[in-house]
């Protein structure tokens, strides 16, 4: 049965890591991923270099062992020839010495040839390992190049996303047209202006319909009629003295001003 404390701790750590990943800067995360891929490629390259180095070392050992086999083979043949010549010359002692030397060289030759076979097996294995290491490094290098290209693409997309966010925020702010703080937006200002205009229209309408408004209309009409009468008197006096010619114009009564209630309704049709 799992320990509840351990389960809770693991849950908290997973939640903490998820919060860190959620709030982390994508640009930093991209750089971290690239650096990790570069470290892995470097480690793989070092391992491949060690494998290839081992293959090269076995190859040098095999070449030395082959040279040793060739030398022992030549020495064995030389000893056999000398032993044969000593036997032909009737020198049994020399023949025995050369024969013993040939046997010693032959024994060393067998050991050297066995070493060659062992080294050939190891060398073949090292060749396969070196080939696999080279292919692994090449594949990893291609993946690293793809990640570098992907980094460039992601960084470009990130910059585009930031610009789009700024444009979206600007458009939203322009749509609301509200500055931060206590500055009112245009909708509020428009409402205030319309309210003041409506109040002014209401006050004007009340003033026109009040008693004082009627009195002002009567006074204006009286003054206008008096002005017309005075004008006719002046014109008649000037005609009598010969200053102007023509019959005096008949005085016209000044039209009475219309009240809002007396204004003709354009929607009514004449009978």
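Even glycines carry a Cβ here, placed using N, Cα and C.
Looking at 89-126, 127-164, the range tied to coiled coil in TrEMBL is 127-164. Sequence-remote contacts of a segment are chain residues at least 6 beyond its ends whose Cβ falls under 8 Å from one of its Cβ atoms, and for the coiled coil (127-164) they are 26-27, 30-31, 33-34, 37-38, 40-41, 44-45, 47-48, 51-52, 54-55.
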